[in-house]
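J.: Residues annotated as domain 'ABC transporter' in TrEMBL: 21-266. Taken from TrEMBL, the feature transmembrane segment covers 350-370, 432-452, 464-485, 492-513, 570-588.
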Amino acid sequence: MSVHNDKYSENEPFFHDSYLLEWKDVKYSVNQKGKETIILKGVSGYANSGEILAVMGTSGSGKTSLLSILSNRLFSQPNVKVSGTVTLNQNEIHTFHSNHYIKYVLQENFLFGTQTVRESLTFACRLKVPYLTKFQANERVNEILEYLKLTKVAENMIGNSMRKGLSGGEQKRVSIGNELISYPKVLILDEPTSGLDSYTSQHLIEVLQAQAHLGRTIIFTIHQPNSKMFSMFDRLILMSEGEFLFQGPTTEVVKYFSDIGYQCPHEINPPEYFMRVFHIKDRHDMTTIEIEILNICSNNYKETLEKFMIPHIEGLTEIDINKKLHSASIITELSVLFQRSILNVKRQPMFSVIKIGQAIVMSTLVALIFNNLGHDRKSIQSIAGALFFNSMDFITTPAQAQVLTFPLERPVFLTEYKEELYGIFPYFMTKVICEIPFQIIFTIIYSLIMYFAVPYNTHDASKFFIFFGISLLSQISGNAFGYLVGSLTSSIQLALVIAPALMITSIIFGGFFSNTNSYSSAFYWIRYISNYNFAYRALIVNQFTDFDFNNEDDNPINLLNFEGEVWENVGSLLLITFGMMLIAMINLKTSGEYHKRR
């Protein structure tokens, strides 16, 4: 399916384009606690257009590290040293937007389980090739579905741990499709067959072979392919302990090792034989035989290095290193992310039902405990207690929800941010905006039941709407707290340790358990960063300003030493909320930038 448009057709499958990815003397080492671990020992090689290059080796041989460097995803850092050159058509990949030409598919699939296959590809298309018209984008999606043999499952949900969906092989093809959508010249995959059965793995390699026949350069790591899959590889690299032991046509590998004394028996699959021969049980304590085999193969490879030298290829496609990428506008990013979030919510209605049910149950329960209160001292104490419970519930409930879910979203965010699909601001704003409708519904239900059952101050209608506004802002503040904790860690277990400690500290200084003047001077400042404190202050001031007391000495505003008008406390709560959001965004930005360089 082709769309004949000048701007579009320049990115059509490149049957006549020629690309050569080459690397020379690539070294990679990591320094941990003063001890240097060498992972790659000066390897050189190349990959051509229209070919499948398979990289094989035992675990820890440096395969994934090599792919990360070839895809411009691994750089030198204070404890990491990377050297050597990697070029695409003789242009060093760090000197231009190489991620436009080279795409990387991770071993793990990071997909939204509530999306269909078509929706996943469409969203990727809108973010990665935003210059396409809607018609062209649909054509491109259909093209990818056909290429990857996903047409029959195009309208199926991808699925997740809570919803049955695609098979592992189909999910992997969707991940590949999300990268192919932007017309890459080189596709690099880390263990694409990991976790798949033999039949599914072979089917996936056939799909990749078809992409190579279109002119793409396909490079992937693979552990132990069957003989049929092995025969599909055009070229092969065998690695062990950060070195190349072989590089060349797959058809020559058996003879090559036979010539140096390692004859593969006819009844054994060559990859199985090589993995068995080059297997090293403990790299920190290698046996004499393991060292001898490695030395023989390594030395022979170096002696015959000229045989594996990069060929001279005429007519390489010229790369415009000054060409700017077609980035999606911030409006497009917000639109795509917002639509995805809405779909995610619509297709998980049980979560919405639970939230509404929670609002009804909690407000009814509290209303049964605090109901028909009057204006005497005991009633006023109960009202003050009910208001503090409100502030706690409005902040803690959304905070706990975000603490549990936000770390789960981090891997998807980091992967997409690394691909530069969108910025921090659109991602964060989408999360905040999409939560607000549910917070409004929760607050309406809670307020209507609770406010009039207690009852709170019903002499002035504006008091109710101010109560509603404070409650809604408290929920947003709770979400911000959850974002902050969730942005600090990718581990739910660690988040569940950090969150309660911070919550309890903030609650203690929330103004209910102790008069604000009684705090120790060493900890007095904590109340100024407690969202519970300012939410409670605002509720108390709203409730008891112009309240008809039996005895003015019972006024909690004076007893709790709360100063300031409602708007002042609301303003402070807003500042704390925005502050937590800003810190969360900075944390995500820092994590995203760090992840980019891994």
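From the backbone N, Cα and C atoms, a Cβ is placed for every residue, glycine too.
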J.: Where does the mean pLDDT land for the domain 'ABC transporter' (21-266)?
T.: 90
J.: For the transmembrane segment (432-452), find every same-chain residue at least 6 residues outside the stretch whose CB is under 8 Å from a CB in it, and list them.
T.: 338, 341-342, 345, 352, 355-356, 358-360, 362-364, 366-367, 386, 390, 393-394, 398, 458, 464, 467-468, 471-472, 475-476, 479, 581
J.: Ranking 350-370, 464-485, 492-513 by the number of C-beta pairs under 8 Å to the transmembrane segment (570-588), which range is first?
T.: 464-485
J.: State the non-local partners of the transmembrane segment (350-370) in its own chain: residues 6+ outside its ends, Cβ under 8 Å from one of its Cβ atoms.
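T.: Hits for the transmembrane segment (350-370): 382-383, 385-386, 389-390, 393, 397, 438, 441-442, 445-446, 449-450, 453-454.
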